[in-house]
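Colleague: Take this structure, written in C-alpha coordinates, and hold onto it; I'll ask about it next.
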(Lines of atoms letter the chains of each structure in order from A and count residues from 1; the text may use other names and numbers.)
(Lines give C-alpha, C1' and ligand atoms only; values in the text may rest on other atoms or scores of the structure.)
Protein backbone atom coordinates (compact mmCIF):
# COMPACT_ATOMS: atom_id res chain seq x y z
CA UNK A 1 0.00 0.00 0.00
CA UNK A 2 1.43 3.46 -0.88
CA UNK A 3 2.53 5.51 2.16
CA UNK A 4 -0.19 8.04 1.40
CA UNK A 5 -2.93 5.52 2.17
CA UNK A 6 -1.28 4.66 5.49
CA UNK A 7 -1.56 8.23 6.77
CA UNK A 8 -4.48 9.25 9.01
CA UNK A 9 -7.57 10.44 7.16
CA UNK A 10 -9.16 13.63 8.40
CA UNK A 11 -12.95 13.71 8.12
CA UNK A 12 -14.28 17.20 8.26
CA UNK A 13 -18.01 17.67 8.76
CA UNK A 14 -18.67 18.26 5.06
CA UNK A 15 -22.28 17.14 5.34
CA UNK A 16 -22.93 18.61 8.78
CA UNK A 17 -26.40 19.95 9.35
CA UNK A 18 -25.48 21.62 12.62
CA UNK A 19 -26.18 25.33 12.99
CA UNK A 20 -23.33 25.77 15.48
CA UNK A 21 -20.45 27.91 14.23
CA UNK A 22 -17.34 26.09 13.10
CA UNK A 23 -14.61 27.61 15.24
CA UNK A 24 -11.57 25.47 14.53
CA UNK A 25 -9.85 23.26 11.99
CA UNK A 26 -7.93 20.21 13.22
CA UNK A 27 -5.36 18.28 11.18
CA UNK A 28 -4.33 15.25 13.22
CA UNK A 29 -1.32 14.38 11.11
CA UNK A 30 0.16 17.81 11.66
CA UNK A 31 -1.23 18.28 15.20
CA UNK A 32 -2.49 21.63 14.01
CA UNK A 33 -5.04 23.72 15.85
CA UNK A 34 -5.94 27.04 14.22
CA UNK A 35 -8.78 29.11 15.71
CA UNK A 36 -11.34 30.49 13.29
CA UNK A 37 -13.52 33.16 14.83
CA UNK A 38 -17.14 32.86 13.84
CA UNK A 39 -18.91 36.07 12.76
CA UNK A 40 -20.29 37.86 15.81
CA UNK A 41 -24.00 38.28 16.39
CA UNK A 42 -25.49 41.75 16.60
CA UNK A 43 -28.88 42.93 17.68
CA UNK A 44 -29.10 45.57 14.98
CA UNK A 45 -28.91 43.24 12.01
CA UNK A 46 -28.97 39.64 10.93
CA UNK A 47 -25.19 39.59 10.89
CA UNK A 48 -25.39 36.43 12.97
CA UNK A 49 -24.25 34.05 10.26
CA UNK A 50 -21.99 31.18 11.22
CA UNK A 51 -19.22 29.53 9.26
CA UNK A 52 -21.25 26.35 9.29
CA UNK A 53 -24.14 28.11 7.58
CA UNK A 54 -21.73 29.55 5.06
CA UNK A 55 -20.32 26.08 4.49
CA UNK A 56 -23.76 24.78 3.62
CA UNK A 57 -23.91 27.22 0.72
CA UNK A 58 -25.97 30.08 2.19
CA UNK A 59 -25.13 33.69 1.37
CA UNK A 60 -24.78 35.59 4.68
CA UNK A 61 -24.75 39.02 3.03
CA UNK A 62 -28.26 38.47 1.68
CA UNK A 63 -29.56 38.84 5.27
CA UNK A 64 -27.36 41.75 6.31
CA UNK A 65 -27.93 45.45 6.45
CA UNK A 66 -25.91 47.24 3.72
CA UNK A 67 -23.46 48.64 6.23
CA UNK A 68 -22.67 45.21 7.66
CA UNK A 69 -21.56 43.67 4.37
CA UNK A 70 -18.18 45.40 4.42
CA UNK A 71 -17.72 44.41 8.06
CA UNK A 72 -18.39 40.78 7.21
CA UNK A 73 -15.99 40.82 4.26
CA UNK A 74 -13.25 42.40 6.37
CA UNK A 75 -13.79 39.87 9.14
CA UNK A 76 -13.57 36.87 6.80
CA UNK A 77 -10.43 38.39 5.29
CA UNK A 78 -8.80 38.98 8.68
CA UNK A 79 -9.78 35.52 9.90
CA UNK A 80 -7.53 33.90 7.28
CA UNK A 81 -4.50 35.89 8.43
CA UNK A 82 -5.23 35.18 12.07
CA UNK A 83 -5.36 31.47 11.31
CA UNK A 84 -2.17 31.74 9.28
CA UNK A 85 -0.31 33.38 12.16
CA UNK A 86 -1.56 30.72 14.58
CA UNK A 87 -0.50 27.96 12.18
CA UNK A 88 2.97 29.47 11.69
CA UNK A 89 3.46 29.82 15.46
CA UNK A 90 2.34 26.25 16.01
CA UNK A 91 4.77 24.91 13.41
CA UNK A 92 7.67 26.88 14.89
CA UNK A 93 6.87 25.57 18.35
CA UNK A 94 6.89 21.98 17.05
CA UNK A 95 10.00 22.38 14.90
CA UNK A 96 12.02 25.63 15.05
CA UNK A 97 13.66 24.74 11.71
CA UNK A 98 10.39 23.86 9.97
CA UNK A 99 10.26 26.87 7.65
CA UNK A 100 13.97 26.73 6.87
CA UNK A 101 13.44 23.16 5.67
CA UNK A 102 10.34 24.21 3.76
CA UNK A 103 12.21 27.01 1.99
CA UNK A 104 15.04 24.66 0.98
CA UNK A 105 12.87 23.12 -1.75
CA UNK A 106 10.19 20.55 -2.48
CA UNK A 107 10.48 16.85 -3.14
CA UNK A 108 6.89 15.57 -3.35
CA UNK A 109 6.12 11.91 -3.86
CA UNK A 110 2.68 12.61 -5.32
CA UNK A 111 1.15 14.62 -8.13
CA UNK A 112 -2.51 15.20 -7.22
CA UNK A 113 -4.96 16.16 -9.99
CA UNK A 114 -8.30 16.84 -8.37
CA UNK A 115 -11.54 18.74 -8.73
CA UNK A 116 -11.76 22.45 -7.88
CA UNK A 117 -14.58 21.72 -5.43
CA UNK A 118 -13.76 23.67 -2.26
CA UNK A 119 -14.81 20.76 -0.01
CA UNK A 120 -11.94 18.49 -1.08
CA UNK A 121 -8.59 19.91 0.09
CA UNK A 122 -6.04 17.36 -1.08
CA UNK A 123 -3.64 17.63 1.86
CA UNK A 124 -6.34 17.48 4.54
CA UNK A 125 -8.18 14.40 3.27
CA UNK A 126 -4.90 12.52 2.82
CA UNK A 127 -3.04 13.73 5.91
CA UNK A 128 -0.14 14.98 3.80
CA UNK A 129 1.91 17.96 4.88
CA UNK A 130 3.49 20.88 3.02
CA UNK A 131 5.91 19.75 0.34
CA UNK A 132 4.52 16.21 0.13
CA UNK A 133 2.04 16.65 -2.74
CA UNK A 134 2.19 18.70 -5.94
CA UNK A 135 -1.43 19.74 -6.51
CA UNK A 136 -3.38 20.77 -9.60
CA UNK A 137 -7.15 21.26 -9.55
CA UNK A 138 -9.75 22.09 -12.18
CA UNK A 139 -13.44 21.52 -12.78
CA UNK A 140 -14.15 17.76 -12.83
CA UNK A 141 -10.42 16.83 -12.56
CA UNK A 142 -9.86 16.71 -16.33
CA UNK A 143 -6.59 16.01 -18.12
CA UNK A 144 -6.92 17.48 -21.63
CA UNK A 145 -3.99 17.27 -24.01
CA UNK A 146 -4.70 20.80 -25.32
CA UNK A 147 -4.86 22.31 -21.82
CA UNK A 148 -1.43 23.92 -21.50
CA UNK A 149 -2.01 24.43 -17.77
CA UNK A 150 -2.46 20.79 -16.79
CA UNK A 151 0.12 19.58 -19.34
CA UNK A 152 2.74 21.93 -17.91
CA UNK A 153 1.95 20.67 -14.40
CA UNK A 154 2.33 17.03 -15.48
CA UNK A 155 5.59 17.71 -17.29
CA UNK A 156 7.07 19.68 -14.39
CA UNK A 157 6.02 17.11 -11.80
CA UNK A 158 7.39 14.20 -13.83
CA UNK A 159 10.52 15.66 -15.43
CA UNK A 160 11.69 17.98 -12.64
CA UNK A 161 10.12 16.85 -9.37
CA UNK A 162 10.31 13.15 -10.28
CA UNK A 163 7.06 12.27 -8.52
CA UNK A 164 6.50 8.56 -7.90
CA UNK A 165 2.69 8.57 -7.95
CA UNK A 166 0.18 10.49 -10.07
CA UNK A 167 -3.30 10.53 -8.54
CA UNK A 168 -6.45 11.58 -10.40
CA UNK A 169 -9.09 12.09 -7.72
CA UNK A 170 -12.75 12.71 -8.47
CA UNK A 171 -15.64 12.84 -6.05
CA UNK A 172 -19.21 11.65 -5.96
CA UNK A 173 -21.77 14.39 -6.42
CA UNK A 174 -19.47 16.33 -8.79
CA UNK A 175 -21.23 19.39 -10.19
CA UNK A 176 -19.19 19.28 -13.39
CA UNK A 177 -20.30 15.71 -14.06
CA UNK A 178 -23.95 16.61 -13.50
CA UNK A 179 -23.66 19.68 -15.72
CA UNK A 180 -22.15 17.59 -18.53
CA UNK A 181 -25.15 15.23 -18.41
CA UNK A 182 -27.58 18.16 -18.63
CA UNK A 183 -28.91 19.23 -22.04
CA UNK A 184 -28.22 22.93 -21.54
CA UNK A 185 -26.07 25.58 -23.19
CA UNK A 186 -23.60 26.50 -20.44
CA UNK A 187 -21.68 29.14 -22.39
CA UNK A 188 -17.97 29.19 -21.63
CA UNK A 189 -18.20 25.82 -19.90
CA UNK A 190 -19.33 24.01 -23.07
CA UNK A 191 -15.84 23.29 -24.51
CA UNK A 192 -14.59 22.11 -21.11
CA UNK A 193 -17.57 19.90 -20.32
CA UNK A 194 -17.42 18.38 -23.79
CA UNK A 195 -14.53 16.25 -22.53
CA UNK A 196 -16.87 14.69 -19.94
CA UNK A 197 -19.58 14.25 -22.56
CA UNK A 198 -17.05 12.37 -24.66
CA UNK A 199 -16.56 9.97 -21.73
CA UNK A 200 -20.36 9.58 -21.57
CA UNK A 201 -20.39 8.82 -25.30
CA UNK A 202 -17.73 6.12 -24.91
CA UNK A 203 -19.73 4.40 -22.14
CA UNK A 204 -23.25 5.32 -23.20
CA UNK A 205 -24.64 1.77 -23.16
CA UNK A 206 -23.35 1.06 -19.64
CA UNK A 207 -24.57 4.37 -18.22
CA UNK A 208 -28.01 4.23 -19.84
CA UNK A 209 -28.54 0.77 -18.36
CA UNK A 210 -28.23 2.19 -14.80
CA UNK A 211 -31.70 2.93 -13.44
CA UNK A 212 -31.10 5.47 -10.69
CA UNK A 213 -29.97 8.98 -11.58
CA UNK A 214 -27.58 9.25 -8.62
CA UNK A 215 -26.05 5.87 -9.37
CA UNK A 216 -25.63 6.89 -13.00
CA UNK A 217 -23.91 10.15 -11.99
CA UNK A 218 -21.60 8.28 -9.60
CA UNK A 219 -20.62 5.75 -12.24
CA UNK A 220 -19.77 8.54 -14.68
CA UNK A 221 -17.60 10.07 -11.96
CA UNK A 222 -15.63 6.81 -11.82
CA UNK A 223 -15.45 6.41 -15.59
CA UNK A 224 -14.28 9.99 -15.94
CA UNK A 225 -11.45 9.39 -13.44
CA UNK A 226 -10.38 6.27 -15.33
CA UNK A 227 -10.42 8.13 -18.65
CA UNK A 228 -8.27 10.94 -17.24
CA UNK A 229 -5.81 8.33 -15.98
CA UNK A 230 -5.57 7.03 -19.54
CA UNK A 231 -4.96 10.56 -20.79
CA UNK A 232 -2.03 10.92 -18.38
CA UNK A 233 -0.57 7.59 -19.43
CA UNK A 234 -0.74 8.76 -23.06
CA UNK A 235 1.63 11.66 -22.38
CA UNK A 236 5.23 11.40 -23.54
CA UNK A 237 6.62 12.64 -20.21
CA UNK A 238 5.01 9.81 -18.23
CA UNK A 239 5.89 7.13 -20.80
CA UNK A 240 9.51 8.23 -21.00
CA UNK A 241 10.05 8.47 -17.25
CA UNK A 242 8.39 5.11 -16.63
CA UNK A 243 10.50 3.41 -19.31
CA UNK A 244 13.63 4.83 -17.72
CA UNK A 245 12.93 4.45 -13.98
CA UNK A 246 9.80 2.35 -13.49
CA UNK A 247 7.79 5.30 -12.15
CA UNK A 248 5.50 7.23 -11.91
CA UNK A 249 2.50 4.97 -11.37
CA UNK A 250 -0.94 6.40 -12.16
CA UNK A 251 -3.83 5.92 -9.71
CA UNK A 252 -7.53 6.68 -9.95
CA UNK A 253 -9.37 7.51 -6.72
CA UNK A 254 -12.82 8.83 -5.78
CA UNK A 255 -13.72 10.75 -2.60
CA UNK A 256 -17.04 10.04 -0.89
CA UNK A 257 -18.56 12.88 1.14
CA UNK A 258 -20.73 10.51 3.16
CA UNK A 259 -17.87 8.83 4.99
CA UNK A 260 -14.83 10.91 4.05
CA UNK A 261 -13.00 7.92 2.59
CA UNK A 262 -11.10 7.53 -0.65
CA UNK A 263 -12.05 4.71 -3.00
CA UNK A 264 -9.26 3.17 -5.09
CA UNK A 265 -10.47 2.31 -8.61
CA UNK A 266 -7.45 0.00 -9.04
CA UNK A 267 -6.14 1.40 -12.30
CA UNK A 268 -4.11 -1.27 -14.09
CA UNK A 269 -1.28 1.00 -15.14
CA UNK A 270 0.82 -1.61 -16.93
CA UNK A 271 -2.15 -3.05 -18.83
CA UNK A 272 -3.31 0.37 -20.02
CA UNK A 273 0.24 1.20 -21.04
CA UNK A 274 0.41 -2.00 -23.08
CA UNK A 275 -3.02 -1.42 -24.66
CA UNK A 276 -2.21 2.06 -25.94
CA UNK A 277 1.24 1.28 -27.36
CA UNK A 278 0.21 0.93 -30.99
CA UNK A 279 -1.36 4.40 -31.19
CA UNK A 280 -0.16 6.47 -28.24
CA UNK A 281 3.48 5.43 -27.92
CA UNK A 282 5.07 8.89 -28.01
CA UNK A 283 8.62 8.19 -26.93
CA UNK A 284 11.36 6.13 -28.47
CA UNK A 285 12.56 4.97 -25.04
CA UNK A 286 9.33 3.09 -24.32
CA UNK A 287 10.06 -0.33 -25.83
CA UNK A 288 8.40 -3.63 -25.13
CA UNK A 289 10.30 -6.02 -22.85
CA UNK A 290 10.87 -8.44 -25.70
CA UNK A 291 12.33 -5.64 -27.81
CA UNK A 292 14.66 -4.66 -24.98
CA UNK A 293 15.83 -8.26 -24.71
CA UNK A 294 16.45 -8.36 -28.46
CA UNK A 295 18.49 -5.18 -28.20
CA UNK A 296 20.57 -6.45 -25.30
CA UNK A 297 21.36 -9.63 -27.23
CA UNK A 298 22.39 -7.77 -30.39
CA UNK A 299 26.10 -7.06 -30.04
CA UNK A 300 26.14 -5.10 -33.29
CA UNK A 301 23.67 -2.70 -31.73
CA UNK A 302 26.30 -1.28 -29.39
CA UNK A 303 28.66 1.52 -30.18
CA UNK A 304 30.95 2.73 -27.39
CA UNK A 305 28.74 1.05 -24.79
CA UNK A 306 25.59 2.86 -26.04
CA UNK A 307 22.93 1.56 -28.36
CA UNK A 308 22.83 3.63 -31.53
CA UNK A 309 19.52 4.83 -32.92
CA UNK A 310 20.02 3.03 -36.26
CA UNK A 311 20.95 -0.26 -34.57
CA UNK A 312 18.04 0.07 -32.18
CA UNK A 313 15.69 0.47 -35.14
CA UNK A 314 17.15 -2.65 -36.78
CA UNK A 315 16.61 -4.70 -33.64
CA UNK A 316 13.08 -3.41 -33.23
CA UNK A 317 12.29 -4.54 -36.79
CA UNK A 318 12.52 -8.12 -35.54
CA UNK A 319 9.93 -7.63 -32.82
CA UNK A 320 7.78 -4.69 -33.93
CA UNK A 321 7.72 -3.80 -37.66
CA UNK A 322 5.34 -0.86 -37.14
CA UNK A 323 7.71 0.63 -34.56
CA UNK A 324 10.60 0.03 -36.96
CA UNK A 325 8.95 2.15 -39.66
CA UNK A 326 8.45 4.97 -37.14
CA UNK A 327 12.09 4.84 -36.08
CA UNK A 328 13.24 4.81 -39.69
CA UNK A 329 11.47 8.15 -40.07
CA UNK A 330 13.13 9.29 -36.86
CA UNK A 331 16.61 8.52 -38.19
CA UNK A 332 16.04 10.30 -41.52
CA UNK A 333 14.10 13.40 -40.46
CA UNK A 334 16.00 15.65 -38.10
CA UNK A 335 17.68 12.66 -36.39
CA UNK A 336 14.92 12.53 -33.82
CA UNK A 337 14.78 16.23 -33.02
CA UNK A 338 11.58 16.57 -35.03
CA UNK A 339 9.71 14.29 -32.60
CA UNK A 340 10.02 16.61 -29.61
CA UNK A 341 8.37 20.01 -29.66
CA UNK A 342 10.38 21.19 -26.65
CA UNK A 343 13.87 20.44 -28.03
CA UNK A 344 15.95 22.49 -30.46
CA UNK A 345 18.08 20.74 -33.04
CA UNK A 346 21.86 21.44 -32.86
CA UNK A 347 21.46 24.11 -35.56
CA UNK A 348 18.75 25.90 -33.55
CA UNK A 349 15.64 24.69 -35.38
CA UNK A 350 12.27 23.65 -33.99
CA UNK A 351 11.10 21.07 -36.52
CA UNK A 352 7.56 20.91 -35.17
CA UNK A 353 7.07 24.61 -35.89
CA UNK A 354 8.46 24.11 -39.39
CA UNK A 355 6.02 21.26 -39.97
CA UNK A 356 3.20 23.51 -38.79
CA UNK A 357 4.25 26.05 -41.42
CA UNK A 358 4.12 23.26 -44.02
CA UNK A 359 0.54 22.57 -42.95
CA UNK A 360 -0.25 26.25 -43.53
CA UNK A 361 1.25 26.07 -47.01
CA UNK A 362 -1.15 23.25 -47.86
CA UNK A 363 -4.16 25.48 -47.14
CA UNK A 364 -5.97 27.95 -49.36
CA UNK A 365 -4.56 31.45 -49.78
CA UNK A 366 -5.59 34.23 -47.38
CA UNK A 367 -4.95 37.92 -48.01
CA UNK A 368 -5.31 41.06 -45.88
CA UNK A 369 -5.00 44.65 -47.16
CA UNK A 370 -4.85 47.69 -44.90
CA UNK A 371 -6.42 50.63 -46.71
CA UNK A 372 -6.51 54.26 -45.67
CA UNK A 373 -10.15 53.98 -44.54
CA UNK A 374 -10.41 50.35 -43.45
CA UNK A 375 -9.18 46.77 -43.87
CA UNK A 376 -10.12 44.00 -46.32
CA UNK A 377 -9.81 40.23 -45.77
CA UNK A 378 -10.10 37.69 -48.59
CA UNK A 379 -9.80 33.90 -48.56
CA UNK A 380 -9.55 31.24 -51.25
CA UNK A 381 -11.76 28.35 -50.10
CA UNK A 382 -10.93 25.24 -52.11
CA UNK A 383 -14.02 23.24 -53.08
CA UNK A 384 -13.05 19.63 -52.42
CA UNK A 385 -16.43 18.14 -53.28
CA UNK A 386 -19.47 19.11 -55.30
CA UNK A 387 -21.58 18.01 -52.33
CA UNK A 388 -20.28 20.83 -50.15
CA UNK A 389 -22.87 23.50 -49.38
CA UNK A 390 -21.90 26.90 -50.83
CA UNK A 391 -20.93 29.33 -48.08
CA UNK A 392 -20.09 26.58 -45.58
CA UNK A 393 -16.65 25.90 -44.10
CA UNK A 394 -15.99 29.57 -43.45
CA UNK A 395 -12.41 30.67 -42.89
CA UNK A 396 -13.04 34.27 -41.89
CA UNK A 397 -14.62 34.86 -38.48
CA UNK A 398 -15.79 37.88 -36.52
CA UNK A 399 -13.85 38.14 -33.25
CA UNK A 400 -15.48 41.31 -31.91
CA UNK A 401 -17.60 43.98 -33.55
CA UNK A 402 -14.51 45.75 -34.88
CA UNK A 403 -12.28 42.69 -35.38
CA UNK A 404 -12.08 39.90 -37.95
CA UNK A 405 -9.70 36.97 -38.43
CA UNK A 406 -8.87 34.94 -41.54
CA UNK A 407 -6.69 31.84 -41.44
CA UNK A 408 -4.93 29.34 -43.69
CA UNK A 409 -3.94 25.80 -42.77
CA UNK A 410 -5.77 23.20 -40.71
CA UNK A 411 -9.38 24.31 -40.34
CA UNK A 412 -10.00 22.68 -36.90
CA UNK A 413 -6.92 24.45 -35.53
CA UNK A 414 -8.14 27.70 -37.03
CA UNK A 415 -11.54 27.36 -35.40
CA UNK A 416 -9.88 26.70 -32.04
CA UNK A 417 -7.74 29.81 -32.46
CA UNK A 418 -10.82 31.86 -33.34
CA UNK A 419 -12.53 30.67 -30.14
CA UNK A 420 -9.47 31.69 -28.11
CA UNK A 421 -9.36 35.13 -29.75
CA UNK A 422 -13.06 35.64 -28.99
CA UNK A 423 -12.45 34.67 -25.36
CA UNK A 424 -9.65 37.22 -25.07
CA UNK A 425 -11.81 39.95 -26.62
CA UNK A 426 -14.74 39.08 -24.34
CA UNK A 427 -12.49 39.04 -21.27
CA UNK A 428 -11.08 42.46 -22.13
CA UNK A 429 -14.56 43.94 -22.47
CA UNK A 430 -15.68 42.51 -19.14
CA UNK A 431 -12.53 43.67 -17.35
CA UNK A 432 -11.88 47.11 -18.85
CA UNK A 433 -15.39 47.98 -20.03
CA UNK A 434 -14.12 48.81 -23.51
CA UNK A 435 -13.40 46.92 -26.74
CA UNK A 436 -9.91 45.48 -27.10
CA UNK A 437 -7.34 47.14 -29.36
CA UNK A 438 -6.17 45.12 -32.35
CA UNK A 439 -2.52 45.24 -31.26
CA UNK A 440 -3.40 44.01 -27.75
CA UNK A 441 -5.39 41.07 -29.15
CA UNK A 442 -2.51 40.22 -31.50
CA UNK A 443 -0.17 40.16 -28.50
CA UNK A 444 -2.45 37.88 -26.47
CA UNK A 445 -3.17 35.42 -29.28
CA UNK A 446 0.50 35.43 -30.25
CA UNK A 447 1.41 34.46 -26.69
CA UNK A 448 -1.16 31.67 -26.80
CA UNK A 449 0.35 30.31 -30.03
CA UNK A 450 3.86 30.52 -28.63
CA UNK A 451 2.86 28.49 -25.56
CA UNK A 452 2.11 25.54 -27.86
CA UNK A 453 5.74 25.48 -29.03
CA UNK A 454 7.20 24.94 -25.56
CA UNK A 455 5.96 21.54 -24.37
CA UNK A 456 6.56 18.07 -25.70
CA UNK A 457 3.00 16.90 -25.00
CA UNK A 458 1.40 19.44 -27.35
CA UNK A 459 2.02 20.51 -30.92
CA UNK A 460 2.03 23.94 -32.59
CA UNK A 461 -1.11 25.19 -34.30
CA UNK A 462 -1.12 24.34 -38.00
CA UNK A 463 -2.49 27.74 -38.99
CA UNK A 464 -1.34 31.25 -39.79
CA UNK A 465 -3.94 33.88 -38.97
CA UNK A 466 -4.46 37.38 -40.36
CA UNK A 467 -6.08 39.68 -37.79
CA UNK A 468 -7.82 42.84 -39.01
CA UNK A 469 -9.48 45.61 -37.04
CA UNK A 470 -10.38 49.27 -36.93
CA UNK A 471 -9.42 51.01 -33.70
CA UNK A 472 -11.03 54.33 -32.83
CA UNK A 473 -8.82 57.35 -32.23
CA UNK A 474 -10.67 57.83 -28.93
CA UNK A 475 -11.99 55.55 -26.20
CA UNK A 476 -15.44 54.10 -26.71
CA UNK A 477 -17.90 52.88 -24.07
CA UNK A 478 -18.39 49.15 -23.59
CA UNK A 479 -21.31 49.10 -26.04
CA UNK A 480 -19.41 51.12 -28.63
CA UNK A 481 -18.87 49.81 -32.12
CA UNK A 482 -15.10 50.02 -32.31
CA UNK A 483 -12.10 49.49 -30.09
CA UNK A 484 -9.76 51.83 -28.30
CA UNK A 485 -6.65 52.38 -30.42
CA UNK A 486 -3.12 51.59 -29.22
CA UNK A 487 -1.09 54.72 -28.44
CA UNK A 488 2.17 52.86 -29.05
CA UNK A 489 3.19 49.74 -30.91
CA UNK A 490 4.35 48.60 -34.32
CA UNK A 491 2.05 48.46 -37.31
CA UNK A 492 -1.67 48.80 -37.72
CA UNK A 493 -1.93 52.58 -37.45
CA UNK A 494 -3.44 54.87 -40.04
CA UNK A 495 -0.91 57.17 -41.69
CA UNK A 496 -0.97 60.64 -40.20
CA UNK A 497 -2.80 59.59 -37.02
CA UNK A 498 -1.31 59.60 -33.55
CA UNK A 499 -3.01 56.32 -32.74
CA UNK A 500 -6.02 54.27 -33.82
CA UNK A 501 -7.17 53.67 -37.38
CA UNK A 502 -7.11 50.49 -39.47
CA UNK A 503 -4.90 47.67 -38.19
CA UNK A 504 -3.57 44.48 -39.79
CA UNK A 505 -1.48 41.78 -38.10
CA UNK A 506 -0.31 38.33 -39.18
CA UNK A 507 0.25 35.64 -36.52
CA UNK A 508 2.42 32.62 -37.35
CA UNK A 509 2.48 29.13 -35.72
CA UNK A 510 5.59 30.12 -33.73
CA UNK A 511 3.64 32.92 -32.04
CA UNK A 512 5.49 35.61 -34.01
CA UNK A 513 3.31 38.52 -35.11
CA UNK A 514 3.94 41.76 -37.01
CA UNK A 515 1.90 44.74 -38.15
CA UNK A 516 1.48 44.85 -41.95
CA UNK A 517 0.16 47.06 -44.73
CA UNK A 518 -0.56 43.90 -46.71
CA UNK A 519 -0.29 40.26 -45.65
CA UNK A 520 -0.67 36.90 -47.37
CA UNK A 521 -0.44 33.27 -46.28
CA UNK A 522 -1.35 29.81 -47.58
CA UNK A 523 -0.31 27.88 -50.67
CA UNK A 524 -0.35 30.98 -52.92
CA UNK A 525 1.57 33.16 -50.48
CA UNK A 526 4.52 33.97 -52.73
CA UNK A 527 2.40 34.99 -55.72
CA UNK A 528 0.05 37.00 -53.51
CA UNK A 529 2.94 38.72 -51.74
CA UNK A 530 4.45 39.75 -55.09
CA UNK A 531 1.13 41.33 -56.11
CA UNK A 532 0.75 43.11 -52.76
CA UNK A 533 4.20 44.67 -53.10
CA UNK A 534 3.09 46.30 -56.36
CA UNK A 535 0.37 48.28 -54.56
CA UNK A 536 0.89 51.67 -52.92
CA UNK A 537 -0.24 50.65 -49.44
CA UNK A 538 2.17 52.74 -47.36
CA UNK A 539 1.46 56.21 -48.72
CA UNK A 540 1.80 59.29 -46.51
CA UNK A 541 -1.01 61.58 -45.37
CA UNK A 542 -4.75 61.12 -45.14
CA UNK A 543 -4.98 60.31 -48.86
CA UNK A 544 -2.10 57.83 -48.80
CA UNK A 545 -2.62 54.16 -49.64
CA UNK A 546 -5.69 52.90 -51.48
CA UNK A 547 -9.39 53.25 -50.77
CA UNK A 548 -11.42 50.52 -49.11
CA UNK A 549 -13.42 49.76 -52.27
CA UNK A 550 -10.23 49.59 -54.30
CA UNK A 551 -8.82 47.25 -51.65
CA UNK A 552 -11.75 44.87 -52.17
CA UNK A 553 -11.07 44.73 -55.91
CA UNK A 554 -7.34 44.27 -55.44
CA UNK A 555 -7.83 41.52 -52.85
CA UNK A 556 -10.13 39.61 -55.24
CA UNK A 557 -7.63 40.00 -58.09
CA UNK A 558 -4.74 38.79 -55.94
CA UNK A 559 -6.66 35.67 -54.84
CA UNK A 560 -7.39 34.84 -58.50
CA UNK A 561 -3.74 35.42 -59.45
CA UNK A 562 -2.53 33.17 -56.62
CA UNK A 563 -5.01 30.38 -57.40
CA UNK A 564 -3.43 27.41 -59.21
CA UNK A 565 -5.91 26.04 -61.76
CA UNK A 566 -3.71 23.03 -62.43
CA UNK A 567 -3.91 21.76 -58.83
CA UNK A 568 -7.19 23.18 -57.52
CA UNK A 569 -9.95 23.50 -60.09
CA UNK A 570 -12.69 25.18 -58.09
CA UNK A 571 -12.77 27.62 -55.20
CA UNK A 572 -15.06 30.07 -53.44
CA UNK A 573 -14.02 33.62 -52.69
CA UNK A 574 -14.87 34.74 -49.16
CA UNK A 575 -14.46 38.46 -48.41
CA UNK A 576 -15.07 40.75 -45.43
CA UNK A 577 -14.19 44.35 -44.64
CA UNK A 578 -14.05 46.90 -41.83
CA UNK A 579 -14.43 50.62 -42.44
CA UNK A 580 -14.22 53.76 -40.37
CA UNK A 581 -17.21 54.64 -38.22
CA UNK A 582 -18.30 57.03 -40.96
CA UNK A 583 -17.73 54.40 -43.68
CA UNK A 584 -20.01 51.72 -45.17
CA UNK A 585 -19.62 49.24 -42.27
CA UNK A 586 -19.84 51.77 -39.42
CA UNK A 587 -16.66 50.40 -37.83
CA UNK A 588 -17.93 46.82 -37.80
CA UNK A 589 -16.46 43.66 -39.33
CA UNK A 590 -19.00 42.43 -41.92
CA UNK A 591 -19.13 40.56 -45.22
CA UNK A 592 -18.44 42.50 -48.38
CA UNK A 593 -21.82 43.16 -50.08
CA UNK A 594 -22.60 40.52 -52.69
CA UNK A 595 -22.88 43.01 -55.56
CA UNK A 596 -19.46 44.50 -54.81
CA UNK A 597 -17.88 41.05 -54.41
CA UNK A 598 -19.30 39.84 -57.73
CA UNK A 599 -18.06 43.01 -59.43
CA UNK A 600 -14.60 42.48 -57.90
CA UNK A 601 -14.57 38.86 -59.13
CA UNK A 602 -15.64 39.95 -62.64
CA UNK A 603 -12.81 42.48 -62.81
CA UNK A 604 -10.34 39.90 -61.46
CA UNK A 605 -11.29 37.39 -64.16
CA UNK A 606 -11.13 40.07 -66.84
CA UNK A 607 -7.69 41.08 -65.61
CA UNK A 608 -6.46 37.50 -65.88
CA UNK A 609 -7.88 37.17 -69.38
CA UNK A 610 -6.19 40.44 -70.34
CA UNK A 611 -2.87 39.16 -69.02
CA UNK A 612 -3.30 35.98 -71.06
CA UNK A 613 -4.01 38.04 -74.20
CA UNK A 614 -0.93 40.17 -73.55
CA UNK A 615 1.18 37.05 -73.13
CA UNK A 616 -0.15 35.59 -76.37
CA UNK A 617 0.56 38.88 -78.21
CA UNK A 618 4.13 38.92 -76.87
CA UNK A 619 4.61 35.31 -78.03
CA UNK A 620 3.27 36.18 -81.51
CA UNK A 621 5.57 39.21 -81.78
CA UNK A 622 8.55 37.09 -80.74
CA UNK A 623 7.68 34.47 -83.38
CA UNK A 624 7.42 37.18 -86.07
CA UNK A 625 10.85 38.48 -85.05
CA UNK A 626 12.30 34.98 -85.28
CA UNK A 627 10.80 34.51 -88.75
CA UNK A 628 12.37 37.73 -89.96
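Quick reminder: no glycine exception, Cβ is built from N, Cα and C everywhere.
Please treat TrEMBL annotations as automatic predictions, because they have not gone through curation.
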Colleague: In TrEMBL, which of 23-43, 44-64, 65-85 is tagged region 'Disordered'?
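Modeller: Residues 44-64 are the ones TrEMBL records as region 'Disordered'.
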Colleague: Under a three-state reading of DSSP, tell me whether residue 174 (Zn(2+) binding site) is helix, strand or coil.
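Modeller: Reduced to three states, the DSSP call for residue 174 (Zn(2+) binding site) is coil.
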Colleague: Restricting to the chain of residue 115 (Zn(2+) binding site) and a gap of 6 or more, list residues whose Cβ falls under 8 Å of its Cβ, or answer none.
Modeller: 137, 138, 139, 140, 141, 169, 170, 171, 174, 176
Colleague: Determine which residues of the same chain, besides 115, 117, 171, 174, have their CB within 8 A of the center of the CB atoms at the recorded Zn(2+) site, and list them by sequence.
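Modeller: Neighbours found: 114, 116, 119, 120, 140, 141, 170, 173, 175, 176, 177, 221, 255.
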Colleague: What is the average pLDDT across the domain 'Proteasome alpha-type subunits' (337-359)?
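Modeller: Across the domain 'Proteasome alpha-type subunits' (337-359), the average pLDDT comes out at 82.
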Colleague: Could you give me the DSSP helix, strand and coil counts for the domain 'Proteasome alpha-type subunits' (337-359)?
Modeller: 12 helix, 0 strand, 11 coil
Colleague: With H, G and I counted as helix, E and B as strand and the rest as coil, say where DSSP puts residue 117 (Zn(2+) binding site).
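Modeller: Where residue 117 (Zn(2+) binding site) sits, the three-state DSSP reduction gives coil.
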Colleague: Which residues, sitting 6 or more apart from residue 117 (Zn(2+) binding site) on the same chain, put a CB under 8 Å from its CB?
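Modeller: In sequence order, the residues whose Cβ lies under 8 Å from that of residue 117 (Zn(2+) binding site) (at least 6 apart) are 171, 174, 175.
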